[in-house]
């Protein structure tokens with residue numbers, strides 16, 4: 001049974017505030033271990049990667065090599081289910097089409113004083129993409145993380161994936177190939193992050209590392225940050241479904257469970273204005289949960305973090321939704337568009353009764369890497385912009401310099417920076 | 001004397017690679033102290049702020065109050081030099097005009113299948129701006145950090161500034177008022193960051209914290225990251241000047257010193273293809289440095305981190321500049337535009353002989369908060385985008401769902417996520 005909150009109750013604000021700050025993740029402190037791994041990779045290079053892969057993944061890179069070859073990828077296509085490859089290709093094409101629209105425009109203009117200004121976007125020169133091994137190896141995540149980099153024009157996109165127990169999910173290799181990843185290496189964990197950040201004999205360093213991973217990978221990304229860029233550290237997934245009583249309770253229950261099955265730390269929240277509907281959804285959840293192969297995970301998530309919030313009217317849901325700032329928000333009621341216009345904090349919004357969040361996970365075309373743990377208040381889902389950087393441009397001639405100089409010199413002097421003032425003033429004697 | 005490197009020498013690559021990895025900053029480990037300060041502010045709120053401000057800033061908030069009032073700001077205008085206020089206003093207007101061009105466009109469209117997709121940008125609901133006290137209180141930095149937030153439409157921009165020794169630089173208050181900062185509090189250090197992240201009786205929490213600060217502020221920002229967003233942690237400033245022999249050595253020397261006077265960890269680099277010009281610049285630096293009030297700082301920076309790199313042709317400078325990835329790059333030679341087109345890594349580029357970097361610090365219009373320490377390889381200067389976030393939008397009707405469902409279900413099953421597959425399949429019986 002999930003938690004139930006009612007806005008009509010006197011202690012609602014207190015309970016809701018507590019609900020918002022509930023931690024859903026225990027991060028083990030692996031900083032010291034990770035520090036040692038990074039130091040070893042910096043010192044011993046490929047040899048350290050071989051040792052750690054033997055130890056953690058029980059795989060012998062001496063036999064397979066570190067680099068995944070073209071032949072390995074062809075073999076993956078052979079091993080993969082043809083219908084799934086077709087589905088991946090369909091998803092790839094839709095994700096490509098959407099992300100092409102995110103490419104930023106350069107700007108260059110001359111203002112009224114004759115000063116030329118500009119902003120120019122360029123792709124990051126090399127990006128590393130971490131892909132987890134084992135059961136967490138999701139080919140859809142490879143598409144979602146790699147495609148924005150390719151659309152950005154990143155000339156060198158390097159994927160690392162641990163060969164857990166000696167093998168890599170063939171669909172992960174197929175997904176990487178479908179997007180156009182340039183290099184793939186059989187290595188995971190903190191050692192892979194270290195190799196991407198500092199380079200080894202085989203793996204040249206990159207400038208930014210993205211992609212999900214376990215506590216070791218997250219700690220390693222934090223430690224190499226600065227030397228390279230990193231993306232957000234993702235927490236457990238979450239969905240907020242706002243639904244009126246006109247929905248089919250089974251549909252909404254299915255959506256809540258799709259989130260809950262991800263992880264015992266995942267969170268599914270229903271806000272509704274219909275108490276009978278809430279009961280029906282809760283009953284449907286209990287019914288459906290038993291049918292799931294991942295019933296144990298989904299049950300733990302729903303029991304520990306699931307919530308049903310009963311509101312007087314759906315208007316009351318708006319400030320609550322902004323405070324929850326969920327990764328995924330489904331708006332399953334008439335008037336969803338108007339509600340969306342007033343909603344501020346959400347990673348992604350799914351409109352209407354026929355847009356389950358799962359469509360966005362795979363084939364909607366938008367990115368499924370989205371801000372978790374209330375970070376939609378201040379951050380965005382993964383996009384092409386995450387793989388580019390902006391250089392600002394300034395060009396001033398002698399005449400413009402004379403127009404700008406007095407203010408620049410005044411401010412430099414007010415800030416006690418005489419060499420700044422001098423660098424402008426010295427040019428004023430000219431032409 | 002700065003370091004001299006010549007591409008013609010056999011050990012150039014080795015020396016250049018070592019030069020690139022030189023650390024220019026020692027970050028004292030203040031994590032434990034900062035952790036205690038944050039805990040105290042979370043527990044004791046305003047009372048903790050009063051105590052720490054008494055202790056660290058020797059200022060009695062019991063007398064002045066925590067909040068800066070309208071009367072305080074009017075007094076600051078009275079105290080400020082009128083010409084400097086005019087210069088600040090001139091700079092404000094130019095920065096405003098440039099940043100207005102950075103506002104991102106929303107996108108909403110229907111694709112060939114009839115699926116509606118979109119991206120919507122909204123301002124972050126509340127932002128905290130840290131402004132250092134004492135000599136590091138730069139009014140120009142207040143303009144540069146606050147303006148993009150205002151242009152983004154942030155409805156609540158909260159400035160904190162320590163009342164070092166009891167006072168706040170009136171120009172800092174004037175700059176804040178000129179941009180339109182909504183709230184100002186007399187508090188600094190880790191305690192201010194804690195107040196912004198968690199809130200106290202007087203200061204409501206924000207969703208993101210930006211602005212430069214000392215080691216305590218930087219450590220506090222890192223510790224509250226996740227609860228709120230933060231900007232990049234800025235390192236010491238740097239300039240790379242690429243210049244041919246046709247420049248006036250005194251001008252280029254002045255530019256190198258404008259950077260060096262900032263901080264003993266600042267870095268000024270000259271790349272030139274003219275050995276005699278290099279010598280002339282070096283002599284001019286030595287001559288000018290003695291005239292500076294901040295001669296000690298500038299000398300330390302130039303001696304420890306300054307560099308002159310002699311290249312055979314300016315074309316050789318291109319890959320070196322991309323590897324240096326400097327915060328500021330001056331291109332003082334004919335053909336600078338063509339060079340810029342091929343340059344990848346630079347925070348900001350200043351074109352031609354009449355665009356000293358200092359113009360960008362104050363009145364160019366572009367932002368002076370730029371990526372340091374080689375992070376221009378993967379990040380950008382501060383912009384309006386840093387104060388907004390993007391929500392992605394997806395809307396699917398019954399017909400589109402039928403078109404998308406097979407691929408979504410196939411991928412969900414391939415990933416072992418049955419509840420995902422079910423959330424799509426359950427809707428197919430409809431309509």
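The backbone N, Cα and C atoms fix where each Cβ goes, and this holds for glycine too.
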Looking at TrEMBL, which one out of A:237, A:383, A:392 binds substrate in the same site as A:259, A:262, A:328, A:361, A:415, A:420?
A:237
I'd like to know which recorded positions lie near chain B: of A:130, A:214, A:327, A:361, A:415, A:420, which have a CB under 8 A from one of its CB atoms?
A:361, A:415, A:420
For residue A:259 (substrate binding site), write down the residues of its own chain that are at least 6 apart in sequence and whose Cβ falls under 8 Å from its Cβ; none is a fine answer.
A:237, A:238, A:239, A:266, A:267, A:268, A:301, A:328, A:357
Find the shortest Cα-Cα separation between residue A:361 (substrate binding site) and the recorded positions A:130, A:191, A:214, A:327, and name the residue that gives it.
A:327
Taking the Cβ of residue A:214 (NAD(+) binding site) as the reference point, list residues of the same chain whose Cβ is under 8 angstroms away and which are at least six residues distant in sequence.
A:132, A:136, A:189
Going by C-beta under 8 A and a gap of 6 or more residues, the same-chain neighbours of residue A:420 (substrate binding site) are A:408, A:412
When you tally the Cβ atoms that lie within 10 Å of each candidate's Cβ, which of the recorded positions (A:327, A:415) has the highest tally?
A:327
NAD(+) site, defined by A:130, A:191, A:214: further same-chain residues with Cβ within 8 Å of the Cβ centre:
A:132, A:160, A:162, A:188, A:189, A:190, A:192, A:193, A:213, A:216, A:217, A:220
DSSP says residue A:259 (substrate binding site), in three-state terms, is helix
So residue A:237 (substrate binding site), by the Cβ count within 10 Å over all chains shown, scores 27
